[in-house]
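**Student:** One structure, as structure tokens, below. Some questions next.
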Amino acid sequence: MCGIVGYIGSQNAADLIYEGLKRLEYRGYDSAGIAVLNDNKINLVRSVGKLKNLNEKLIRKPMPGVVGIGHTRWATHGEPSEKNAHPHLDCHDQIVIIHNGIVENYLELKTELINSGHTFRSETDSEVIVHLIEEAWQKRNQDSLISATGQALLRLEGAHAIIIQSVLVPDRILAVRIGNAGGIAIGKGENEMFLASDIPAILPHTRTIVFLESMEIAAIRQDGFSCYSLHGEPRSKEYFQIPWDPVSAARGHYSHFMQKEIYEQPLSLTDTLRNRLNLDHNEIVFKHFSFSMQELQKIQRIMIVACGTSYYAGLVGKYILESLSQIPVEVDYGSEFRYRNPLIGPETLVLALSQSGETVDTLAALEEAQKKKTPLAAIVNVPGSQISRICQGIIFMHAGPEIGVASTKAFTSTLVDLFLLGFYLGHQRGFLKPEMRKNLLQKLVRLPKIASDVLAKDAIYKELASQFYEASDFLFLGRGINYPIALEGAHKLKEISYIHAEGCPAGEMKHGINALIDRHLPVVAIATQEKLYQKMLSNIQQVKARDGIIIAIVSDDKGEVGQFADYCIEVPNLHPLLNPVLNIIPLQLLAYYVALKRGCDIDQPRNLAKSVTVE
Ligand code: F6R
């Protein structure tokens, strides 16, 4: 949600921070601000709306200085306004903070601070943080600002990422993480240091990164940093190298990040497979999936937890994992699982799916599972993210940075990773025999090339979009493994075009959905797989009998569906467990072109954020 950037070095901090915030625009925000320390004074600039408003102010009144912090805000407490935008100052303009998260006990703290004489200038919950630090500093004993801050912030309830700057320690920036309100990445440059909520913000400057853990405070200097627990015990931390390059986080010649990310799927899928296939022995190799053979044998059930698009990937994963590993799979939303006292124990592998690795509901679901002593695994895209740090078994997607709010390439990489995992478990547990493994891997290696063939039919998706972009509703139908693809197709369209869309298992139509069908309703029917082809055909006939408009996703040989469908999109038939990766591509592009025709803000759809770090 909110974005954080910080800089300490010898370059102009405001310029670097502004650039970093620009690279975080995809997270969604309604106001922004920057604070820079210069001549022992904190200078602030804040504005409502897009970052260009902030930039205009910076051009009118440049802010010199080499130490600064910046924030893009997504309003929770208090409307989007200049006074509510971060950074927030204390009463004496000596300390300034930016904050991600929600101070759950802010009313109680605010009353207490007002009674002690503090004056508040905003309606935000975040402002209590700076006054708490100020209060602790005023009442300090021998404490440094770092230990006073650590003590003060122990009083906050909720999850927080906080960056602090002060004239009291002009050569330091302090960073605090409490719980899971998104990450804080500290990046090391050449005698300069960077801070960010998300790696793409600082990727052009450094790939040497370390993340703060919960209940840690870091004091960042120009030449490095020191880390402590909030209680003051020193913590040692090690940098690691992020394998992403800055070009992968840039839009290049594409009009939108989402378009770029859809088109780079042949590449991202190749990267997902890279170094994982041993074709000589028909094996899958995982680097970070550190479960012993004995531990794998003990697994009796897999419980997938995820949110949004990752949840739909999980529903596809149920088919893949059950088929390849013969282990029963359940799938639940992180937000439901965490509150339902699930009946799980050490025999259940809890598998989180998350592009960002920071989604608060998915993290909370893992924490819930941890209490029940289940083994934890995850498929995650962002290296170093919180989810990747708490699980024993990690499969990184290697899809590269995904910037567009609507997830596309991370979805297809998750499906491929689920396939790899199913294969791995099926092999380790003795279910997948050599011939089956060989056959599966031969299909798998062809996937990226076939994905590029599907993308090459771009003109068809564009033409369809121009016919249906004014529709008020869409229906997506699928069966079996393609039912979740129907759900994800509807999800993509809703997210970026704001057209109401529903995904439905085709066999369920007669139980209610049929009432929606009329001559205005475009119905996207996924009719590719052989086994359920006849069933889909009869569902398509039922829609036609009610005058609905059929856009069918079919295999190369469209068969009888071709006679009933108004439009057919042909997708190659690779393997029933891999076809969903191909079938979603036309639906991603349909959503993209419909949203484009409707003039929507594709990379930053209204009311949505890339990383959902609040509940
Ligand atoms: C959809 C989308 C969201 C995310 C969801 C989970 O296009 O982007 O629905 O899928 O917020 O995010 P991750 O995968 O980061 O946990």
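Glycine is treated like the rest: Cβ placed from N, Cα and C.
Per TrEMBL, active site, nucleophile is recorded for Cys2. Look at TrEMBL and you will find Lys610 tagged as active site, for Fru-6P isomerization activity. The domain 'Glutamine amidotransferase type-2' feature in TrEMBL is assigned to 2-223. What TrEMBL records for 292-431, 464-605 is domain 'SIS'.
What's the neighbourhood like for these features in this structure?
**Tutor:** According to DSSP, Cys2 (active site, nucleophile) sits in a coil region rather than a helix or strand.
Lys610 (active site, for Fru-6P isomerization activity) counts 24 other C-beta atoms within 10 Å of its own C-beta, drawing on all protein chains shown.
Residue counts of the domain 'SIS' (292-431) by helix, strand and coil are 65 helix, 27 strand, 48 coil (DSSP-based).
Residue counts of the domain 'SIS' (464-605) by helix, strand and coil are 69 helix, 28 strand, 45 coil (DSSP-based).
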**Student:** So what's the mean pLDDT when you look at the domain 'SIS' (464-605)?
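**Tutor:** Value for the domain 'SIS' (464-605), mean pLDDT as a whole number: 94.
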**Student:** Reported as an integer number of Å, what is the Cα distance between Cys2 (active site, nucleophile) and Lys610 (active site, for Fru-6P isomerization activity)?
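**Tutor:** Cα of Cys2 (active site, nucleophile) to Cα of Lys610 (active site, for Fru-6P isomerization activity) measures 10 Å after rounding.
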